[in-house]
Amino acid sequence: MADNQWLTTLWLVLAVVVVATQGLRLGSFNIEIFNTTKGHKDHVMGYLAKTAVRYDIMAIIELRDPSMWTLKQLVQRIKSDHGVDMKYIATGSIGTDIRHIEQYAFLYREDKGISIVDSYLYDDGDEAKGTHIFEREPFMVRFRAPNCVVSDLALVAFHPPPLDALHDLKLLMPVYEDVRKTWPDSHVIILGDLNADCKFVRKEAWPQIEIRQRPEFYWPIDDDADTMVKDRSMCAYDRFILAGQALKDAVVPGSAKPFNTREEYGLTETQALEVSDHFPIELVLRDVSDPVGLSSTLMGGLWNLWTGHYIIIIILIVIAFLVFRRRRAVYGSFGIARRI
């Protein structure tokens, strides 16, 4: 009977841990100048694959390969190293200034039921006539994620040039409204390298940015976070902007943060900079198996431990504790066998 009791307790603990760490993992990664040169660096692609496979959906910022060879190489590397067959969607080249031409892409886990419903580039005017608003217009993708508490997601990838950041952020409200008009049932998340900090968007400029001031928008990456690899930088350039209370409530507490590749992979600054000058940012949206917010109320604080690979240690501690309790029940407090 005692064996059954402590085994049942162990399984319950493990079940709580599993539920608490489930959910849709969303990432955004500015992979600095992600082109064929980087695609030929085996060790770099290994780290990129290891990072990408963390996520159910990951936006890629600063792709610079119209042939898509580099992106396809990453997908193949993910499959060969991790056995995961990630799908992708990507734009063609965007931008009028040769210095700023890039592409947006999303990787996603079709094997987890995630699918693309629709996509489009924001129509910001005629570039040929010089009437366009953005140097790089946002890219909208509507995802269906049936296992997420917010299953209809409209993800808006955006990367304004640094010197245009304040100007472009001021103009994001019409972009959001366009998405809502196009997909009225979708929950909207704007994500990417928004250059939304330090010298490009100073804190005193926040009152000028409507999408920052309106209460229905939630910016979960802390203003004091550092999304950059270099030691001398301390800038929260990369951001998520979540629209609506449903999305805010769906975020697992503590899950929205930069993923520090230097610490997680034991890299020097120089080694990490070979991969990118940015850290990816990430958050987790609750799973439908967690409808009452179990991860929020009981286990949300353990998410940082999970990303640090310490959850196994916690499980082992629980096992050791249960074994100790069982031994104590048999031998007593001083190791003397009890009479039965």
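Every residue, even glycine, has its Cβ placed from backbone N, Cα and C.
Taken straight from TrEMBL:
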type: SIGNAL; residues: 1-23; note: signal peptide
type: DOMAIN; residues: 27-244; note: domain 'Endonuclease/exonuclease/phosphatase'
type: ACT_SITE; residues: Glu102; note: active site
type: ACT_SITE; residues: His159; note: active site
type: DISULFID; residues: Cys198-Cys235; note: disulfide bond
type: TRANSMEM; residues: 303-324; note: transmembrane segment
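Sequence features, as recorded in TrEMBL, placed on the structure.
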| residue | record | DSSP class |
| --- | --- | --- |
| Glu102 | active site | strand |
| His159 | active site | coil |
| Cys198 | disulfide bond | coil |
| Cys235 | disulfide bond | coil |
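Sequence-distant neighbours of Cys198 (disulfide bond): residues of the same chain at least 6 apart with a C-beta under 8 Å from its C-beta are Ser233, Met234, Cys235, Tyr237. Around the Cβ of His159 (active site), the same chain contributes Asn30, Ile61, Glu62, Glu102, Tyr104, Arg136, Gly192, Asp193, Leu194, each under 8 angstroms and 6 or more positions distant in sequence.
For Cys235 (disulfide bond), other Cβ atoms within 10 Å of its Cβ number 20. Of all the Cβ atoms in the protein chains shown, 22 others lie within 10 Å of the Cβ of Glu102 (active site).
Per-residue confidence over the domain 'Endonuclease/exonuclease/phosphatase' (27-244) averages out at a pLDDT of 96.
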